[in-house]
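Participant: Mind having a look at this structure? Questions to follow.
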Amino acid sequence: MEKYVAAMVLSAAGDALGYYNGKWEFLQDGEKIHRQLAQLGGLDALDVGRWRVSDDTVMHLATAEALVEAGKAPKLTQLYYLLAKHYQDCMEDMDGRAPGGASVHNAMQLKPGKPNGWRIPFNSHEGGCGAAMRAMCIGLRFPHHSQLDTLIQVSIESGRMTHHHPTGYLGALASALFTAYAVNSRPPLQWGKGLMELLPEAKKYIVQSGYFVEENLQHWSYFQTKWENYLKLRGILDGESAPTFPESFGVKERDQFYTSLSYSGWGGSSGHDAPMIAYDAVLAAGDSWKELAHRAFFHGGDSDSTAAIAGCWWGVMYGFKGVSPSNYEKLEYRNRLEETARALYSLGSKEDTVISL
């Protein structure tokens, strides 16, 4: 239970820290951010009392609360209706939270009350990280091996409610899958290989769902290729070897590396690289919250999204170990996050099945 609470709370704490009321999400210079961090007294001194959460946490809560509202053994039609409704409703809470364009525009296009009203058409420009940043809790709700198919379907469909492009919604799959792996204490060095093994299943689901199949398959390879290249670079494509990092991999080098992973020059702003940067930080940080933060929260890329994802996975693995209470005690929406986490724990600890479409 504590790990579930830490997952939801530290995801939001990471988001608030990486966002810094918009100052750090859009400051594309990691060295400047780290200098400002030092001037504020370093990570342990940061009190998030006045640091708002961004769109990432508002939408992650929307996903989580929809999952809780759907209850035990839900019908997928009902779950998708609830997800669409919560995504639409949460748009009223975006003032000062810098929501992504695709998330806002497409959430408002959803018609939750109509049959299939949660579906939007394919769009070749929807590879952003908006689907990935809000999907982690799907892995808290469906963590069991027997629920893998459900995790694939729900993460993809929740993702393509606003990001109907494989680079976008496969990011949601990665976020949810790695959370489930963390719940099951699977060592992080195996996670990447697990994702690669699951991509054919995801593709099969896209074909079976029969919705914009051709367009999705045409744009499929980018996500897969990017991840394969990254796993090869770290030497963990086999899921057995320890990851290798460059000897010199400080703030500046990490900024350059994150930019090199990106689609458009802003590291972590897409569906493939937001979870990738979060994963890179988890691999390097081990049980150190500070090391995780320095790598995933404070950099020149889309820092609140990589932080929200990394904070969730790390929280599942390590709880609140070594985290300064000031980083989360006065966190916005903390009660909601904790309440939702406890409800997800009671649903996720039982191996229920969903009623398919």
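Glycine too: its Cβ is placed from the backbone N, Cα and C atoms.
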Participant: Taking Swiss-Prot at its word that Ser54, Asp55, Asp56 bind Mg(2+) 1, choose the one of Asp304, Asp352 listed for that site.
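Facilitator: Record check against Swiss-Prot: Mg(2+) 1 site with Ser54, Asp55, Asp56, extra candidate from Asp304, Asp352 is Asp304.
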Participant: For His165 (substrate binding site), list the number of other Cβ atoms lying within 10 Å of its Cβ atom.
Facilitator: 28
Participant: Can you name the residues of this chain that are 6 or more positions from Asp302 (Mg(2+) 2 binding site) yet have a C-beta less than 8 Å from its C-beta?
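Facilitator: Spatial neighbours, sequence-distant, of Asp302 (Mg(2+) 2 binding site): Glu25, Cys129, Trp266, Gly267, Gly268, Ser269, Ala274.
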Participant: Looking at the binding-site residues listed here (Ala102, Ser264, Ser305), whose Cα lies nearest to that of Asp55 (Mg(2+) 1 binding site)?
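Facilitator: Going through Ala102, Ser264, Ser305 one by one, the Cα closest to that of Asp55 (Mg(2+) 1 binding site) is Ser305.
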Participant: Where's the emptiest Cβ shell within 10 Å among the binding-site residues Ser54, Ser124, Ser269, Ser305?
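Facilitator: Lowest Cβ count within 10 Å among the binding-site residues (Ser54, Ser124, Ser269, Ser305) is Ser124.
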